[in-house]
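According to Swiss-Prot, the protein carries these features:
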type: DOMAIN; residues: 2-242; note: domain 'ABC transporter'
type: BINDING; residues: G39, T40, S41, G42, A43, G44, K45, S46; note: ATP binding site
Amino acid sequence: MIEIEKVCVDFTAGRGTSTRAVDDVSLHIAAGEIFGIVGTSGAGKSTLLRTLNALTRPSQGRVNVNGVEISALDGKALRQARQRIGIIFQHFNLMHTRTVAQNVAFSLKAAGWERSKIAPRVAEILTLVGLADKANRFPVQLSGGQKQRVGIARAIANHPDVLLCDEPTSALDLETSATILALLRQINAQLGITIVLITHEMNVIKSICDRVAVMSGGKVVESGEVFDVFAHPQHAFTQQLVSHTLNLTLPERLREHLPGQLLKILFIGDSAEQPVLSEVAIKFGVAVNILHGKIEYIGERALGILVVQLTAPHNPTAVAAAVEHIRQRTAQVEVIRG
């Protein structure tokens, strides 16, 4: 569906100097998936997204969408290719002097739809996004979530194959963000549209995406299935993002002053539902103190992470035996302090 091959994007600054915003990025995005690109501000993710509809041209490399090198198109051919690629923005970009229905109809008129087919299509798409009763409202009369729904309706009205989402929830509160993400998931499942979404929030990635690429300094430092990236982050930057998202950082005071061994334990799938800690407490006579932890469900797979303290003042070897038992029953054990 989308092939990004060794793409670099350079921006010229003053006095002939240039800045590399995207640095040698290669990605394959399959048809029908929801693919996330995550990174902090300045990571290059928005610039990379804009190469997918040629709003930004690569300085090097190629971008192919549906077998067509969109980075090489211009004129009429580019306009036709862009009709198959919808885009929604962080700040909605609605026309404030036009109604909801007129905002959606505008994209169809621009694409050359027959006049008689525009109104039925607008009604159909507003029903899909839950705004059938808001067709004659103006943007100023809408909430932030409703404005983003108009943006989504406008972006998918022309039956695109691809929907680009540029930080679609960053201007919304948590509850509204969840409803927008649920709508995007529904659109993906119902219409089969490939979605490419950029965000700085790993929670958004966890909620909606099938696969993810992590960007830092213009490079993709890690990519893979969302569950695998959360369960086994390889790059230091990804580890930092995941740790922050799961909120598993212990206060330094606890790390320094608690006796015994401190472990971070990863449970995957069925192991997240097994009484492993109860087993070691009974079998080895160690005291188990859970300091921090949670179980997340990514897709339909369980991912549990616990930070625990193990102590056995009168039997030092029991702790080592307990740790070994935990290693055999769980996906991963990290000794934070031993």
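The backbone N, Cα and C atoms fix where each Cβ goes, glycine too.
Shown on the structure are the features that Swiss-Prot records.
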residue : record           : Cβ contacts under 8 Å, 6 or more apart
G39     : ATP binding site : K45, I198, H200, V214, M215, S216
T40     : ATP binding site : H200, S216
S41     : ATP binding site : H200
G42     : ATP binding site : none
A43     : ATP binding site : M215, S216, G217, G218
G44     : ATP binding site : V9, A21, V22, D23, V25, M215, G217, G218, K219
S46     : ATP binding site : D166, E167, I198
Helix, strand or coil at G44 (ATP binding site) [DSSP, three-state]: coil
Number of Cβ atoms other than its own within 10 Å, given for K45 (ATP binding site): 29
Local confidence of the domain 'ABC transporter' (2-242) - pLDDT mean: 95
Residues flanking the ATP site, with Cβ no more than 8 Å from the Cβ centroid of G39, T40, S41, G42, A43, G44, K45, S46 and excluding those residues themselves: H200, M215, S216
